[in-house]
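Please read the structure below before turning to the comments.
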């Protein structure tokens, strides 16, 4: 709706006030110093706008401390906002009302904050009986340097918790001086003229054009007025010559631009001119349901035909599409799907000659909920999950509040899925509160709330006592505990809660134990890892509170056996190689040993770093067989070794099962013979790295 105050230009800086109150769909105009009266215009719905008369008693009611108990609206037991404060533009020295209405179980108390600081009732700002905030004389800057501009929110509290409304941004109505004035123009008859003026203001000023001190006749189809102060005149005629200026109006002021003269010269030219785009579309960022106007004004002879397309090839469509003037594109009731790059083309009729210009349209959508969080009731010790899914463009950020305060995550409070899922593990009485989900993006914000009720049954067992954990091995820990001190008769069992101490709570798992068992062997754990344990006692009516948490670490584990390969380099050198593998586990390095098989003494260890994967053994005797042994070690000790045997006399490769004549006995264990002129019995197969895997024996050829 528009509220325009007519005034004569000679009023100078003496201003009349026009105050928009959209909350009650009424416009309140107050007269300026000159006329002493307010001339009302018709709104867009052609209804005469009449200033409202607020009840004097309401405007005089305040509570002195910034709080107001509310009547019972009788709509819901859940504490919730019925009306929240909204963004507004206030007029200097005029009243301002910010609305806040809630429903829920009484008593309910409302308080207000500005920029996060509590507002205390004063002569200038105080609470009304219905919970709204009344600012008697809005001032952008007060004598003490403070300002009524800022972000306001209201808070509602009852026995079950506290809610915070969305923030309402309050700004002062302003209007700057014109920073673009219309310029003189001389244009041929039949051509195109374009005037523009620009001015900043809150709210955005309405710009109208005057010709020779009279409003421009917008019924003339050759005259097109566009938003942001553009006037286009096509098919110019001699009678279009004149003096033009624009008038900017908003609730803060009325201002006039400088004048510009339009001169229409000569008769219509017949000289051919290529199409030319005088002004193409600007880049726009708007919000859904607004209207976009993409400007495109072209000239040429013959007169070019203006067409529009999308750069991505998608059709523009026809719903809500309208052409203003000779080529400006207007899209009403914008949706996110209208976002894109739009191309304006000036086409010479009957040819493929064209000129183009393009501009981007970004349509934002305020945050809105796809799924609201729901109030839930959960027994003590269980898990509560709230889900809050919001959409918008750009995608909204989600923030959670607990009784009006930013929710801090912890070991038992987790946020997942871009904050859309709130999980509270092992809930207790302190978790009972109102939880709010705030969804916000650059186009707007919204909030929803849900209440967590924690159920507690009388007579439940007290927590189990004396929880102890003892390390058994690298993968096993034994946990033991004692009965609770109170209410043990109804216990039907215990639940042991287990997780790695470094893991989040949601990685916890449980093991159930019978009521007569007071110790549990926890297996399949990871070596050198800290684990936390606690116990709950269960009855048919619920669980006890959690016992004290105990943390203990498993023993360290030595590395696994490495893979080992032997390659003959020459008659006195072999190369031992191995592959790095995650199966080794944590290791600090390798130890390599070698010996002649008929001797008991090894050469080594040769200490090798953890990143080394090969080592050459030199100065060997080609007439004997060697045993090569490799192991990995760490701070917990040496791992099992991998053993290989090699002879440098000749190269013989054998695989598969042992054939006849290849077996012998070493003590009481089955061994293998080295094939060659001087066959000998090798150490037991059990010493080798893999059970009966293929073995390679090397013999050097002279």
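Cβ coordinates are placed from backbone N, Cα and C, and glycine is handled just like the others.
According to TrEMBL, the features are:
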DOMAIN    71-171  domain 'Ig-like'
DOMAIN    176-263  domain 'Ig-like'
DOMAIN    275-358  domain 'Ig-like'
DOMAIN    366-453  domain 'Ig-like'
DOMAIN    463-557  domain 'Fibronectin type-III'
DOMAIN    558-654  domain 'Fibronectin type-III'
Contact ranking winner - 71-171, 176-263, 463-557, 558-654 against the domain 'Ig-like' (275-358), Cβ under 8 Å = 176-263
Across the domain 'Ig-like' (71-171) the predicted model averages a pLDDT of 90
With DSSP helix as H/G/I and strand as E/B, how many residues of the domain 'Fibronectin type-III' (558-654) fall in helix, strand and coil?
-> 3 helix, 50 strand, 44 coil
Per DSSP, how many helix, strand and coil residues does the domain 'Ig-like' (71-171) have?
-> 0 helix, 44 strand, 57 coil
How does the domain 'Ig-like' (275-358) divide up by DSSP, counting helix, then strand, then coil residues?
-> 3 helix, 44 strand, 37 coil
